[in-house]
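**Student:** When I checked TrEMBL for this same protein, it listed these features:
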REGION    1-119  region 'Disordered'
COMPBIAS  8-19  compositional bias 'Pro residues'
COMPBIAS  20-47  compositional bias 'Low complexity'
COMPBIAS  60-77  compositional bias 'Low complexity'
COMPBIAS  90-101  compositional bias 'Polar residues'
REGION    149-329  region 'Disordered'
COMPBIAS  167-177  compositional bias 'Polar residues'
DOMAIN    424-462  domain 'Zinc finger Sec23/Sec24-type'
DOMAIN    501-745  domain 'Sec23/Sec24 trunk'
DOMAIN    750-833  domain 'Sec23/Sec24 beta-sandwich'
DOMAIN    846-945  domain 'Sec23/Sec24 helical'
DOMAIN    964-1037  domain 'Gelsolin-like'
Amino acid sequence: MNVNQSAPPVPPFGQPQPIYPGYHQSNYSGQPGSAAPPASYGAYNGPVPGYQQTPPLGVSRAPPSSGAPPSSTAQAPCGQAAYGQFGQGDIQNGPSSSTVPMQRLPGSQPFGSPLAPAVSQPAAVLQPYGPPPTSAQVTAQLAGMQISGAMAPAPPPSGLGYGPPTSMASASGSFPNSGLYGSYPQGQAPPVSQAQGHPGIQPPQRSAPPLASSFTPPTSGGPRMPSMTGSLPPGQGFGGPPMNQPNHVSSPPQALPPGTQMTGLQGPPPPMHSPQQPGYQLQQNGSFGPGRGPQPNYGSPYPGAPTFSSQPGPPQPLPPKRLDPDAIPSPIQVIEDDRNNRGSEPFVTGVRGQVPPLVTTNFLVKDQGNASPRYIRCTSYNIPCTSDMAKQAQVPLAAVIKPLAMLPPEEASPYVVDHGESGPLRCNRCKAYMCPFMQFIEGGRRFQCCFCSCINDVPPQYFQHLDHTGRRVDAHDRPELSLGSYEFLATVDYCKNNKFPSPPAFIFMIDVSYNAIRTGLVRLLCEELKSLLDYLPREGGAEESAINVGFVTYNKVLHFYNVKSSLAQPQMMVVSDVADMFVPLLDGFLVNVNESRAVITSLLDQIPEIFADTRETETVFAPVIQAGMEALKAAECAGKLFVFHTSLPIAEAPGKLKNRDDRKLINTDKEKTLFQPQTSVYQTLAKECVAQGCCVDLFLFPNQYVDVATLSVVPQLTGGSIYKYACFQVENDQERFLSDLRRDVQKVVGFDAVMRVRTSTGIRAVDFFGAFYMSNTTDVELAGLDANKTVTVEFKHDDRLNEESGALLQCALLYTSCAGQRRLRIHNLALNCCTQLADLYRNCETDTLINYMAKFAYRGILNSPVKTVRDTLITQCAQILACYRKNCASPSSAGQLILPECMKLLPVYLNCVLKSDVLHPGAEVTTDDRAYARQLVTSMDVAETNVFFYPRLLPLTKSPIESTTEPPAVRASEERLSNGDIYLLENGLNLFVWVGASVQQGVVQSLFNVASFSQITSGLSVLPVLDNPLSKKVRGLIDSLRAQRSRYMKLIVVKQEDKMEMMFKNFLVEDNSLSGGESYVDFLCHMHKEIRQLLS
Ligand SMILES: [Zn+2]
């Protein structure tokens, strides 16, 4: 773990910095007082009357079986929780006023995030203009094209005709017109400089630039977004440096589908292409066609593929051509370009509707009135004004919101605003919170709500004069008037039962059945907890965590432990009546770690001994959660349960499950039942947990089917996390489990939370995706919400929007901090609105679209056959692209595939979603694996879904050893692998090192400490620690990748041509998959066919 002690920037406000628990402790060895020898079972004295004190030892039980639960057929599915009801409810985050004084926690604490630091890479800066080329079209002719030897007539040079954007238009990032490509050669400053003219903090609403649609194309009927190839004038360079990928070996290119002919690009070539950089410039500019061959002139055909034109003509009897994978849009190229174009200057949020840099770009954010993209990312930053337009385009309007996201240390965390006993100022009608978009009028005595237009009085204590521009003179001194994100201290009116909350509690609930003991899990866990308990989340520089802890062990019965500090030894109380769970002790169950340290240590020493000889293989599950929840209820606090569980709960108890796994259901209409919970018990239980603010994190250690779909219901609905370690063995899985556990226990988490997303008139939030519960149609209830959890919100029109006022979002999260402080975190974001479809397509973000579409599809399989869900995705994607083609692209042959620049990766990424294990499982993928992946994706942010669906493949031996930067990635395809090199692949959950069969012996020796390729152990999970530059570099890279991800990635070494290589190849997502998933090239042809059908 990384320790970051750097202080945040000095806050410009007279407010304290927000109180963040920093992870200052970097290791937890040497914990004192843990050396007590394990006591015998007899130490657990003091039975409570009425409770059976059952020593597990000597209990006569059947010999341990393998633990296999009885098999049975699938049970009738239960309905999903009540999501998806739309409408405006009345429930708010809290009342609008208050009379109770607020307490404030002392001081602030420097922000640090050593667990998942973004600090491993240098701070990036970005260009305030946004990438120059975001709207050039991607063109290609994939199918049905006629090929001729003649130069194609260039489309109207409309890109040129647009000329440089006027004044601030480009600042919005909203119309990097294709003309810009030609206009701003690399390294040359864009002609417009006013984009930066927002040094001060201004409400974006006022400082918003003119809408992109306001400038005029040269010819009225001309295309607004002409194809790249048509718009590039001779002699003009490209916006970004050409990128080459020298790292791949060519392998036989894929053949086109029948009836498809390879065609070249249309239009005059950009002359800066050089023969040394085959092919890539095309992608660079969003166009694709044949990549190989003479570049300086597209007119010069590469062998066998003459320049194509859009002129209709009889098909020529050419042999089937191959589509060069280099000629289709490359994710690597797009990522590289964005890094180069936008990674060098901060992203300043003062301008409405700016598309932020990609999630794969490192950049700093300056909050000047809109929430940072680390908190909110949108599928589009320019929303169609009417629902008709939105329906026509089919582009989902969604925001991916991560309310408690960790920020890099260089960025200021949200300031905490304390309005004292009056509480936060809100609109009387819609209850929106004070924000930079509110309009003060009548000399400052009133303000007009930017969401509902209601005129509100300004309370006397909040009154301030306005300056000559109508701004309050104190706007710069108040976060809520100048920033996109900030927090309010909540008054008692925002608290349950009008009482300030108690600090939360953590309860550790440990399965001690035969399997848990046998694998060494219980011993490992207890040993770890002894030190880990010193690292519970803290706040405000507090000496110790305010969180109390409790312990339960269980198999068929539950064992509660009294660890009161005054006891000499812990006491155990057994509850065997699991049908009617209750908590047998209140005093001494939840304790302060420091006060009870000796007793807790003694308990953790004894637990593995007590159950060492257990024969019990059966477990219960629902009663365990019930018990934890009841304990929190009794203590009148929120909290989190950490449940460590090994098997299908088949013991007689509520929530008992049977093995209903049935692979025969795959690809049938009943496949959905595999993902539905097999009983409603867990939904009911989850609801009770949410009401109590009881979040459940589940660690699973299954040897076989455990019905993840059912067991995950409670974690899913309570905002918890699930971790799965199949066939857990201490030797192999210890590092991964302990790393995950440490992060999970220490991470910042809010409790008992309610999130509400308000919007300005015209759109509203209609659907929500993530780990939470909803009892009405508007309030997202989260028993717990940690820094990694993301909620995706979809919006629909309910009225007409207008270009002038744009559209506003306000996300308000009411939560209890880990010190027990009630707070409101507010994020505001202003978007542009457009009357031209082209503006929509210029301001989309494909990574966010994919995040939404994956979540939409993964939820859809609960109710529809998987094939239907896949077809729906394909159709929607085709409609999006067809609408663009029809309304925004320059007229051209139907044989030409034209993609909007911002969406040129939509096909490749969507294909990755379609062929993912959840939607297209291979034979080796279990039902539990699928249910698990489904749950994980539900809460992922955009960066996580991006790398999860399109893994990162890094060559390890290409770049010089001295190079300190991360090697440039290559495309996820087998043909990019050279058998003389070693590669690293990661997708956020898995990490592979692939070794080519012809790697030099010296390299093998340096990395694996063996003499030859054949001696490398396949499946190795640790690289030997060797004292040479290559070994250090590779291990350092692995460490850095692991630090970037929210879960520990287990390493697997895979050798070329080895059996295990199949597993690895599954992640080469541009290729055909073993399960029948299409290659990128095939899918692109498929998509093109769909689009043509829609257009004809
Ligand atoms: Zn309002």
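In case you wondered, yes, glycine gets a Cβ from its N, Cα and C as well.
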**Student:** Tally the residues of the domain 'Sec23/Sec24 helical' (846-945) by DSSP class, grouping H, G and I as helix, E and B as strand, and everything else as coil.
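**Tutor:** Per-class counts: 65 helix, 4 strand, 31 coil.
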**Student:** Based on DSSP, tally up the residues of the domain 'Sec23/Sec24 beta-sandwich' (750-833) by helix, strand and coil.
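**Tutor:** Secondary-structure composition of the domain 'Sec23/Sec24 beta-sandwich' (750-833): 0 helix, 55 strand, 29 coil.
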**Student:** List the helix, strand and coil residue totals of the domain 'Zinc finger Sec23/Sec24-type' (424-462) as derived from DSSP.
**Tutor:** 6 helix, 11 strand, 22 coil
**Student:** Is it possible to list how many residues within the domain 'Gelsolin-like' (964-1037) are helical, extended or coil according to DSSP?
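**Tutor:** Helix, strand and coil residues of the domain 'Gelsolin-like' (964-1037) number 23 helix, 12 strand, 39 coil.
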**Student:** Looking only at the domain 'Sec23/Sec24 trunk' (501-745), what is the model's average confidence as pLDDT?
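**Tutor:** The average pLDDT of the model in the domain 'Sec23/Sec24 trunk' (501-745) works out to 95.
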